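> Sharing a structure, written as structure tokens. Questions coming.
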Amino acid sequence: MNNPIYPVIWQNDAAVLIDQTQIPATYTTIAITDYEQMAQAIKTMIVRGAPAIGVAAAYGMYLGARSIETSDRATFLTQLEAIAERLRATRPTAVNLFWAIARMLKVAQSTVAPVEQIKAALLETAQAIQADDLRTCQQIGDYGLQALPDLPEKLRILTHCNAGALATAGYGTALGVIRSAWSAGRLERVFADETRPRLQGAKLTAWECVQEGIPVTVITDNMAAHCMQQGVIHAVVVGADRIAANGDTANKIGTYSVALAAKAHNIPFFVAAPLSTIDFSLADGRQIPIEQRNPTEIYQVGETRLCPTGAEFYNPAFDVTPAHLIAAIITEFGAIAPAQLKATLAEKQAV
Ligand code: MRU
């Protein structure tokens, strides 16, 4: 295995991010030293992918906390809430952002100690969120391996967007399952949808696979159904940005079409995601907020405008795949049928 990829690391009193807007052309890192910089990095997708955004927001909360100049606990907590609000306003769909911020606020509110000690507890919590996510991804990889179809040949797995190390604390969710399948000798190759308009598949998933020596074929998004029809794909594994209580799953735009095509071809469609991506406060996927992004992402490539002026554009960043299209949701507690999500996790005392 090559050097592991960590999209966020805590180093020299800063959160150091891999600049994901530059991959694969250039590998650069950016040291983030205040919460406003972190909010900008999340909004502009320097760091992206639901669990990675959660880890980044947790460090953002600490960076904000450390800049608060008061020894009065109540004043500190009021100012910290304003920082939380700024970070929450960056991206609406990935629930890990809100989950991580809530966890950080809870620690601050429940630490009855001088402000300096609360700040120290917040750094420890951000580091714990990061370490937990890494461990969780490895567990998802193990459970995913067991859930994959047991075929005599090696598997060809399609994925959409990037749910790899870059999108988590490391290792990945969907790509974690694929990594585990590769290590176990059960993978022939990955098919990576390019994932218009931001090309996370073509740029990030393909880059991660190449780094690790995992055979990868990039296809344009409109080729997935054809590949399934040709018998090229054995299983689909994707990540998630928010999963409602009934298993409806928001993930990168285009995921729903892949799930429909998989159903039509009787190919199992799996979602791989940690508990921190499940939002039990939402009964179903209709309530998941869908981020609308700038139309330039559609009509412009680099400096070149593709579309005529006068056309209008619609650019939702995510869609919702209904639970009935999902064979199982692979979590750190096992692969669970969507309809059993709440009951199974309650049984395992996870919620
Ligand atoms: O807009 P992005 O790049 O943040 O969207 C990322 C995705 O949709 C991922 O598939 C999802 O967050 C899962 S990450 C493990």
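From the backbone N, Cα and C atoms, a Cβ is placed for every residue, glycine too.
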> Can you pick which of GLN138, GLN139, GLN200, GLN300 TrEMBL lists for the same substrate site as ARG48, GLY49, ALA50, ARG91, ASN251, LYS252?
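Site partner of ARG48, GLY49, ALA50, ARG91, ASN251, LYS252 for substrate, according to TrEMBL: GLN200.
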> If you measure every Cα to Cα distance among ARG48, GLY49, ALA50, ARG91, GLN200, ASN251, LYS252, the residues said to bind substrate, what is the biggest one in Å?
17
> Taking every protein chain in this structure into account, which of the recorded positions GLY49, ALA50, ARG91, ASP241, ASN251 has the most other Cβ atoms within 10 Å of its Cβ?
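Answer by Cβ density within 10 Å: ASP241.
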> State the three-class DSSP label for ASN251 (substrate binding site), counting H, G and I as helix, E and B as strand, and everything else as coil.
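In three-state terms, ASN251 (substrate binding site) counts as strand.
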> Give me the Cα-Cα distance between GLN200 (substrate binding site) and CYS161 (site 'Transition state stabilizer'), rounded to a whole Å.
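Their Cα atoms are separated by 5 Å.
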> Relative to the mean position of the Cβ atoms of ARG48, GLY49, ALA50, ARG91, GLN200, ASN251, LYS252, the recorded substrate site, which additional same-chain residues have Cβ within 8 Å?
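Near the substrate site, the remaining chain residues are ILE53, ALA94, CYS161, ASN162, ALA163, ALA167, GLY239, ASP241, ALA317, PHE318.
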